[in-house]
Amino acid sequence: IVTILLKEGATVHARESRGNTALHLAALEGHADVVKVLLRRGALVDIPCGMYGTALVAASSRGHTKVARILLEKGANVTARGVGGCTALQIASFAGKLEVARLLLDRGAGIDLEGGKYGRALNAA
């Protein structure tokens, strides 16, 4: 459906009422195939939007490791901060998403970056 909509002229960076793009929502829900299509069609991997700030932070909050890996392979900033100043690692730590947290650490997430409600990843965990 996404491919058809984009072929028919849907705007890849269109936002819904809360400021989320299709990439952000697909990342949040763990739809890896949709994330791939959107990125191939020009979606910006680090476009700020919605509640989580970036698609990587959104995917990390729900433990969607496959989506997080795709975003990182496409150049997502592993230390980008979401709304409220939290990084993907802080959100994954707070949510108890071990596999995503490991991936983020392997990709250079700042273990001691401060920000957001919980300060550092260890505090969030």
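Quick reminder: no glycine exception, Cβ is built from N, Cα and C everywhere.
Just so you know, TrEMBL annotations never went through curation; they're auto-generated.
Look at TrEMBL and you will find 18-50 (among others) tagged as repeat 'ANK'. Sequence-distant contacts of the repeat 'ANK' (18-50) (same chain, six or more residues past either end, CB-CB distance under 8 Å): 2-3, 6, 12, 56, 58-59, 61-62, 64, 66-67, 70-71, 74-77, 80, 83.
Panel annotation: around the repeat 'ANK' (54-83), residues 23-24, 26-32, 35-36, 39, 45-48, 89, 91-92, 95, 97, 99-101, 103-104, 107-110, 113, 115-116 of the same chain, lying at least six beyond its termini, place a Cβ under 8 Å from a Cβ of the stretch. The repeat 'ANK' annotation in TrEMBL covers 54-83 (among others).
Cβ atoms under 8 Å from those of the repeat 'ANK' (84-116) belong to residues 52-54, 56-57, 59-65, 68-69, 72, 78, 122, 124-125 of the same chain, restricted to positions at least 6 beyond its ends. What TrEMBL records for 84-116 (among others) is repeat 'ANK'.
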Summed over the repeat 'ANK' (84-116), the DSSP helix, strand and coil counts are 19 helix, 2 strand, 12 coil
In the repeat 'ANK' (54-83), how many residues does DSSP assign to helix, to strand and to coil? 17 helix, 1 strand, 12 coil
